[in-house]
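Below is one structure, written out as structure tokens; comments come after it.
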Amino acid sequence: MGPGSPGVQGAESPRSVPIGDKAMSKSEEEDAQQEPHGTLLGRAEEDIAQSPEQGEACGNESEPLLPNGANCSKRGSSLPARRGQGVNNLEALSLTRNLSGKRPNLCRECGKSFRWRSRLITHQRLHTGEKPYKCHDCGQSFNESSALTVHQRIHTGEKPFKCPDCGKSFTQSSNLIQHQRIHTEEKPYKCQDCEKSFNDSRHLVRHQRSHSGDKPYQCTDCGKSFSQKSDLTRHRGTHFGEKPFKCADCEKGFSQSSDLIRHQLSHSGEKPYKCPDCGKIFSQSSNLTTHQRIHRGDKPYCCPDCGKSFSQKSDLSRHTGTHLKEKPFKCSECEKSFARSSALIRHQIIHLG
């Protein structure tokens, strides 16, 4: 067609950007820039045809289809046969990108689909158990480079995500977002059974087990099951007597880190839990919860023998001893027994003179 042909004269030809030995049109360049950050690095070698034969055969069922339903073999001839001939990652990626918005990269194990092949490759490691990213400090391995990056902050002590309200820092942005809900009092996760709300989805999952009765964590030693992993960890300590969490002030050991934290408050004298009704402060949240029952008149612990109710479990235990006439508190001086520890303490004053 000559220069004077209709529709040609004055039309702007697509701008090309040289890449390696080839050129990419402006539209292809813009499309390539939509690839999520980081997917170009470490791109699996199978995205690039290694030989002319593989290029022609890439339309097999393991390769995604193009938007028009054709496979990549129709475009494979436009690629250089080997990486050494100037194949660019952007150009190879264009073969696996679905411009129609569909997700052609299908996992054969579970049927989940992904728009980007890089996401499929990462997902498949969940099935294969492959963890190619290894921490050089402790040897722990991960299936994603981003997970390794977050893990390494444990060793470096880096906490780049800082709360603008209180200044507390975190290793992950997700932890900061969750923390900020303490300040905003946002609780977006709501239980459909009792309408109780939580600021963390994991807390909702644990709570829902109280309705379902699900106890997925089983002790391998005695078979006892628990609804929370922390309860299983604490229970296993009863079998082995392990107390790995030591207090730096008095060397007392604890089976759980949470128990150590509560204990350390006895040294510091800190009482961070304040009653909103009367202003009384407590060192433990459980003590505050028990105290608030006084204001509400809540008495959840009921005696099965006489029906009398109590606000604290310890009060119920002491009361049931009156029915059984149990006196578990024995005086070491005269062997006299008492139903209550307070009665024993009063008695021991006699021996002290």
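Cβ coordinates are placed from backbone N, Cα and C, and glycine is handled just like the others.
Remember, TrEMBL labels are computer predictions, not curated facts.
Residues annotated as domain 'C2H2-type' in TrEMBL: 105-132, 133-160, 161-188, 189-216, 217-244, 245-272, 273-300, 301-328, 329-353. Taken from TrEMBL, the feature region 'Disordered' applies to 1-85.
Mapped onto DSSP helix, strand and coil, the domain 'C2H2-type' (245-272) counts 12 helix, 4 strand, 12 coil. The average pLDDT computed for the domain 'C2H2-type' (161-188) is 90. Non-local neighbours of the domain 'C2H2-type' (301-328) in the same chain are 290, 293-294, 337-340; each lies 6+ residues outside the stretch with a CB under 8 Å from one of its CB atoms.
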